[in-house]
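A.B. asks: TrEMBL feature annotations, pasted as is:
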type: BINDING; residues: B:MET42, B:GLY193; note: substrate binding site
type: BINDING; residues: B:ARG118, B:SER166; note: ATP binding site
Amino acid sequence: MDTAECLKRVRERNPLVHHITNYVTVNDCANACLAVGGSPVMADALEEAADMSGISDALVLNIGTLNADKVKAMILAGKAANKKGIPVIFDPVGCGATSFRNRMAEELLKQVHMAVIRGNVSEIQSLAGKDAQTKGVDAGTTSGLDEAAATAKALALREKCIVIISGAKDIITDGNTTILITNGCPEMAQITGSGCMCTTVVGTFCAACSENLFDASKAAMMAMGISGEKAWAAYGVQGLGHFHMGLIDYLGKIDEEMIAKDGHFENG
Amino acid sequence: MDTAECLKRVRERNPLVHHITNYVTVNDCANACLAVGGSPVMADALEEAADMSGISDALVLNIGTLNADKVKAMILAGKAANKKGIPVIFDPVGCGATSFRNRMAEELLKQVHMAVIRGNVSEIQSLAGKDAQTKGVDAGTTSGLDEAAATAKALALREKCIVIISGAKDIITDGNTTILITNGCPEMAQITGSGCMCTTVVGTFCAACSENLFDASKAAMMAMGISGEKAWAAYGVQGLGHFHMGLIDYLGKIDEEMIAKDGHFENG
Amino acid sequence: MDTAECLKRVRERNPLVHHITNYVTVNDCANACLAVGGSPVMADALEEAADMSGISDALVLNIGTLNADKVKAMILAGKAANKKGIPVIFDPVGCGATSFRNRMAEELLKQVHMAVIRGNVSEIQSLAGKDAQTKGVDAGTTSGLDEAAATAKALALREKCIVIISGAKDIITDGNTTILITNGCPEMAQITGSGCMCTTVVGTFCAACSENLFDASKAAMMAMGISGEKAWAAYGVQGLGHFHMGLIDYLGKIDEEMIAKDGHFENG
């Protein structure tokens, strides 16, 4: 499915995307989902997590501010999503930083089949079992692109899913096919939530294009990267607060033409 | 009490508005309350919920990201607010989406007298007992204006309160008198929190004008609608992120003159 | 250490600042920390709070939306921070408003040594044991500058820490030396989170300049005040929403030259 077609489907289908996510960037995620063409719903009570996934088109699980109850709700929602056959998108925020976080992430992978995992390089390395030095959630790049891609492929094959590593070049792989998205700008790391919003955008595209999650992921990462580039070009001179708002602006304005003209990828 | 007078009182009295609300849009609600002239306080611990309502001028209960403990705190705060005689404003976010949410909303109505209930049409239909198809929290309009107004009136009479349904035309009714506010713009549904902020603005006006909650609700809905219109006119060309900020701008800038010139309503 | 040097160190060291904070303004705090040059991490699960402080350069504790579990996590994190020797910065949001809040604040002071306490005048008065009338978290100024400074000094000596009272003139004291920062603008009180962001900025500077917490606090309060002034000058005409974004803009843009030119303080 080509990238423009993916975006068109998101806008036409207006998919409902259930999030169990952190309280730091949840507002940004809701606005990113709405802007790009989805409908967000956030619900993490144990009593309704499964029911909410049962009426949704995708489930996003983000462990930014996890706790034991939230992980229980994620497992209930994840199992319901797996049963219904809707994609589950996992953001292992801060994985590698504490042993509790590592344990919870492992438990989630054991209990729920993830369709897509998206993180930065140290989070993905940690999840894949490599020693990684995590510095908060923005994480330092400790390995080169090839090593990161190899880790992503190994994790994708192990978990039978798509793995995305965000970075200067985003890696997308299902273990066999690998591509690199060269959109985006470094300033995205200077506002909180650009990683979380990225996962939400992937979730929204996957919700609308569940027939082809690889193409949906590619289109989502391009849409996010192009929006970041354009927002920085338009508002960088004003500063990070305006850039933040500009990112939401462009997630709403992005269209098939921008994607055709400005989307860039390489085979990895 | 005329609409301009209501706004004047909000600005003069700077009422304290206790919120027990969701973690998705709580920042927007706090900023909307401040901008329009109130003082927000958010506190949901079981140990202090009642005490905080006891020093406040109104209580806003919003079940967006509810859980069992949060509902307990809402009931404690609601009973304290009822005892003190300050208005309780209820936003049944996502009502109809899960049976847990429906049960919790019913429990709240049973334990706490609400002065005003504000929601979208499917949430109000669900609360009133009508079958409604809920699609997340933005909800699909399944019935025409007349049917919605009839549902609102029935709920208002049953709960002895004011019911507000937000939509292209906002319905405000106490069961006997019904008016329609024709301000606002459809783009408000494309940012998260416009419903929640609307409830907060109603709460802030009711806090300052508790002598006449119907007029306070009317003034609040006009202030919110006019702010939305003006923000879209000023920032729509930039996009949804800037529109979001513009909405807070205009909630702060709205004055008696704008309300007199741009506020529109019809008898329903 | 001079103020420009403090800012330089923040930018060079990019310190990791662990926050256990409220869900109302947490996004603003994360963005303020990033903009000024730090890396924020928010984690409040009992199982990882201590570990996260153990890899951080400072800990910010903010009781805005406290509950019993969150306070337990604060104590665990605080003890770990004390043990590691990193500064703990305490924001007693809403202290004085309810007896639960007062009790929890006292408990935190008993269990954790705070390096810096920052609040508004009524919060600091309450913490110091004076009767104070708290009106939400924006609090009314009930005493003049001299009385406030005397209270701050007494608390600083009792807790062996730096105390900061935000206001028209910010008071910074360690009980012996007292200075007043005259930067900032009254409109900062009209957006939620300016107090919380201020505490975060103090935490970020203290994380990078732990050798001299008094100078770090002074530099942080100046950086925050100057950013507020410049943001209001640039965006006040648009309104409070744009001012809010502008504040983040200027926290990112502030440099040694601005501080040298626009930073103002008096000996108290």
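Keep in mind that glycine also has a Cβ here, set from the backbone N, Cα and C atoms.
Describe the structural context of these features.
C.D. replies: If you take the C-beta of B:GLY193 (substrate binding site) and look for same-chain residues 6 or more apart in sequence within under 8 angstroms, you find B:VAL24, B:THR25, B:ASP28, B:CYS29.
Note: B:SER166 (ATP binding site) has non-local neighbours B:ARG118, B:GLY119, B:ASN120, B:GLY184, B:GLY195, B:CYS198, B:MET221, i.e. same-chain residues 6+ apart with C-beta under 8 A of its own C-beta. Annotation note: B:SER166 (ATP binding site) sits in a strand segment as assigned by DSSP.
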A.B. asks: In sequence order, which same-chain residues at least six apart have a C-beta under 8 angstroms from B:MET42 (substrate binding site)?
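C.D. replies: Once residues fewer than 6 apart are set aside, B:MET42 (substrate binding site) is near B:HIS18, B:HIS19, B:ILE20, B:THR21, B:VAL26, B:ALA30.
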A.B. asks: Going by Cβ pairs closer than 8 Å, show me which of the binding-site residues B:MET42, B:ARG118, B:SER166, B:GLY193 neighbour chain A.
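C.D. replies: Only B:GLY193 pass the 8 Å Cβ test.
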A.B. asks: May I ask you to pick out the binding-site residues among B:MET42, B:ARG118, B:SER166, B:GLY193 with a CB closer than 8 angstroms to chain C's CB atoms, ordered by sequence, or 'none' if no residue qualifies?
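C.D. replies: Correct list, in sequence order: B:MET42.
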A.B. asks: Other than its own, how many Cβ atoms are within 10 Å of the Cβ belonging to B:ARG118 (ATP binding site)?
C.D. replies: 31
A.B. asks: Helix, strand or coil by DSSP: which one applies to B:MET42 (substrate binding site)?
C.D. replies: strand
